[in-house]
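Each remark here refers to the structure printed beneath this line.
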Ligand SMILES: Nc1ncnc2c1ncn2[C@@H]1O[C@H](COP(=O)(O)OP(=O)(O)OP(=O)(O)O)[C@@H](O)[C@H]1O
Ligand SMILES: [Mg+2]
């Protein structure tokens, strides 16, 4: 059968200044299968898919779609060929409605007018068929990240895509949303759509993919059916060594209280009360994990703690000194480090080079700045050290952060915040978008901080991460802490129950 | 050396150059359509601008204010602010210099710096109003700058009329000679053209522009804010005060430009019925120069040569002066639509098989 493969990429090579992103890559994706792409941060997955979607031109190689050799000169061509891509960073027009976003550039017309009716009917059809329910009249700003992703999927389907590329779709989703997305992907595949899925989460590959191709440093290492392999084997193939999934750590040695939060209240962007009298303590030498269903005030709590949002009442003390409503700079100077959730919005200035980004928090202090003048030799020296230590894959420290792969951007942030040696490290989704090897490394770094007697406040949507790393778990519900749990004595069920507001009241104090 | 060559052919230099060429060629097409000889026209334009020492000096005089306003616009751009108000800041600087120049008696080594300082302050403060309104009230800078331009125009006229007026004239009294930036020696060299030391100040400020932007803490902060205000806030940068500071420096550039016109060229301040137009042209200069110091100087040279040479075109080839404005507009259009030119360059390169 000549048409067995929906996508064939042969001998694809792509070079960027100072780096070979793709080096003779072969990829074959069967029609109707879910094909996972696995590889370390910077291995070249996104680049390969950008080539398939016409965003980059390969330096060498050939692409066949349904057996036909094609030249994909731009995304428009890709769309014409039935290829759709759901990018990791969404490309939606925020003030526009869902409907307007879906039809943007492909508006059905009646004369010069846009026929919204026709569009609505078509979108309704697609939503029903694949279980992609969205309210077409809400604006993008008003809907959750999970919903925005559905809009992206609908956008591609609306343009008639039958090959869908997902670039780390689950990195930004809550566990609930991930479940829903998996169901949608399964449905799409069952309806004959071909899916290429980039993800770092081996669990997801094992659960949903039919085949997996592993890429390391721009080359294909292996391509095999998922049923013939295990998560451990995949991890080993991908990083070239055995990866430990269990986190080894000593007993915590909690010391003095570093952070005290007392009866804190704050409002969210829409003016609703997000924190309703929250109290919490974090001690030195412990990792305190915050668990909670997204939207229960976690984001607001962290923004208030870091000075990015005003508290309406209550007190925050760092080593006994009240710091609520101080500026982000003052709080950072009180030795608080912060790994933000949204790396491209908050964490990095993408147009700054890696070196400049690595001093984003302390560019103004010696040795990086003296008498108002920046000392770039110091800045770049500092950067070179961290690039080595954190294995940040970049041609050099003068490369703009924008040119780094998603995972390597994340490493820049983690390196910067940990390198400041803060007394309190607030880590929100610190391993988002990282490969298993890098995750292991970052986890070790967090534990190392703890063992040095620092306090770590961890917030992650991944319950596994919270359970494995934390010494105590604080469960958040509707703007309050509803329970403090000992991770050794609890399980996902109990946490899940508390997170959904289940049984309140009974609080367990840890020693 | 190869680095330099590479830079020369990099897209960021090629785009403005190609845009300018397209503008000039389209201008030629339009001239042809109007039955003018474009070769003769461009020839006489350049002959006018560079033909003799006098005109060469005058061309430099024409270029000078464009450097100042170009720097002003480019600087604000780096913080993500669109400063349409260089016009007003320019006027405020000019009138401040006129006040100090007319009303104060001092030896030149005090008078000149004082007048320049006053203009820097006036322009800077005029700019920081914009920054303040943006920071404190969230008013968009395009709106405030446009409004402040009008206020500056009329305020300056009022000041000249009430405090500095030369009886019976629509201008101020002459400023004291001790406040002149003109130099008889320099002027002599250029066959009595009105070239003045302001051009050196402009070049010095271009160096300062580069230095502040790339070497100082302040420059780091304002570039960060320009690229990503959210990340800047996270980094502890005070975004609001950065707006104010940037607009002060931006306005300072324009203000000193205004002073140089008064102190170097006219030696008085006229009562303006309309905007002199240097500030608006500064937007074009910044665009052409891609907000870099060197780019701004080159952009100012281009615009200066074109505007000054325009009269040559009129006499040499009978082309109406308006047409040169069309050409300038075309150049600006293509620079602004850089994406279009970029595509063109890419196409061209692909056809020729060049790998970038
Ligand atoms: N536009 C670009 N300019 C320069 N280098 C780039 C560009 N895009 C990607 N690279 C480099 O190519 C390499 C591969 O990047 P790519 O984004 O494909 O990695 P990835 O496999 O998707 O990694 P991750 O899992 O971290 O997202 C990286 O080293 C990256 O720095
Ligand atoms: Mg990627």
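The backbone N, Cα and C atoms fix where each Cβ goes, and this holds for glycine too.
According to TrEMBL, the transmembrane segment annotation covers B:12-36 (among others).
According to TrEMBL, the transmembrane segment annotation covers B:63-83 (among others).
For B:90-110 (among others), the entry in TrEMBL reads transmembrane segment.
Residues annotated as transmembrane segment in TrEMBL: B:116-135 (among others). Beyond the ends of the transmembrane segment (B:116-135), by six or more residues, the same chain brings 72, 76, 81, 83, 85, 88-90, 92-97, 99-100, 141, 144-145, 148, 152, 201, 239-241, 243-259, 263 to within a C-beta distance below 8 angstroms of the stretch.
Counting residues 6+ beyond its ends, the transmembrane segment (B:142-160) has Cβ neighbours under 8 Å at 82-85, 87-89, 91-92, 94-95, 98-99, 126, 129-130, 133-134, 171-172, 269-272, 275, 279 in the same chain. The transmembrane segment feature in TrEMBL is assigned to B:142-160 (among others).
Per TrEMBL, transmembrane segment is recorded for B:195-213 (among others).
Residues or ranges marked as transmembrane segment in TrEMBL: B:247-267 (among others). Within the chain, the transmembrane segment (B:247-267) has long-range Cβ neighbours (under 8 A, six or more residues past its boundaries) at 61, 64-65, 67-69, 71-73, 75-76, 81, 83, 85-87, 89-98, 101, 112, 115-116, 118-132, 134, 141, 174-175, 179-182, 194, 196-198, 201-202, 205, 209, 212, 276, 278-279, 282.
According to TrEMBL, the feature transmembrane segment maps to B:273-289 (among others).
For B:296-317 (among others), the entry in TrEMBL reads transmembrane segment.
According to TrEMBL, the feature transmembrane segment maps to B:323-345 (among others).
Residues 11, 14-16, 18-20, 22-24, 26-27, 30-31, 34, 36, 45, 284, 287-288, 302-303, 306-307, 309-310, 313 of the same chain sit 6 or more residues outside the transmembrane segment (B:323-345) yet have a Cβ under 8 Å from a Cβ within it.
When Cβ-Cβ distances under 8 Å to the transmembrane segment (B:195-213) are tallied for each of B:12-36, B:63-83, B:273-289, B:296-317, the top count falls to B:63-83. The stretches the transmembrane segment (B:63-83) and the transmembrane segment (B:12-36) are not in mutual contact, being linked by fewer than three Cβ pairs under 8 Å (pairs 6 or more apart in sequence).
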